[in-house]
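The structure appears right after this line, and notes come after that.
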Amino acid sequence: MLMITSFANPRVAQAFVDYMATQGIILTIQQHAQSDVWLADESQAGRVRAELARFLENPADPRYLAASWQSGQTNSGLRYQRFPFFATLRHNAGPFTWAILLICIAVFILQNLLGDQPVMIWLAWPYDPSLQFEAWRYFSHAFMHFSLMHILFNLLWWWYLGGAVEKRIGSGKLVVITVISALLSGFVQHQFSGPWFGGLSGVVYALMGYVWLRGERDPQSGIYLQRGLILFSLVWLIAGWFDVFGMAIANGAHVAGLATGLAMAFVDTLHGRKRA
């Protein structure tokens, strides 16, 4: 038996299983934290993964619904657990995801109580040679946010992408991505604008790049980002460079973060691709 992928939504998993049945390939679903899709005949793995890639591009394609009707199992009999809102938040994120999220919220509250400047004096990228050995500064800039929209946007993506990485690959991988991308995106942004910047967006862009490329090159990892969302992130990135929104955007951090995530995903999947 070979696990092909996992879906957070059991109905989506059932749609893919039904479609593959019409193609003569039998898959089974095992319900754990997510809906795990398993293949008994491992010789068919290549074909299944190719079909999975097409399915993930457009799960709403009518052919998949038609397959469910053809199989006579649009009502599959699965029981779907209903999660309250906060239980859903907990379910889809691990301890490191939550730790960073709560730190960002705490820092944002302090910024609103004390003002940005006192907080930046303690957390900003080293702005004086005497501060270069205060190691936390190379990462703590990511905890600061300067508007409600800024923090909501970043934390939503952090929870969605960081939670997926931590749940499917492990806390260690998320820690490594976060530390490296915060350091490199901060360094690049410092070269562009000096030390007075902040936000988790460099890390978020790293996660976008990592999750997308890891999912493309290693579908069995269980993480993926729809191509439409990675396209949206690129459009947002380009718009930031041309100041379309009229806001101060850390473009250097965004580009460096995205490049870091792509590079890490490439390295992490290189061995498996060579072996294949």
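Positions of Cβ are set from backbone N, Cα and C atoms, glycine also.
The feature transmembrane segment is assigned by Swiss-Prot to 94-114, 142-162, 169-189, 192-212, 229-249, 252-272. Under the heading active site, nucleophile, Swiss-Prot lists Ser201, citing sequence analysis as support. The active site annotation in Swiss-Prot covers His254.
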Cβ contacts the transmembrane segment (94-114)/the transmembrane segment (252-272), at least three under 8 Å, sequence gap 6 or more: no
Tertiary contacts of the transmembrane segment (192-212), as residues 6+ beyond its ends and Cβ separation under 8 Å: 100, 104, 120, 123-127, 141-146, 150, 153-155, 157-158, 161-162, 164-165, 177-178, 180-182, 184-186, 223-225, 227, 229-230, 233, 237, 250-262, 264-265
Pairwise CA distance, the residue listed as 'active site, nucleophile' versus the residue listed as 'active site', rounded so that it is a whole Å: 6
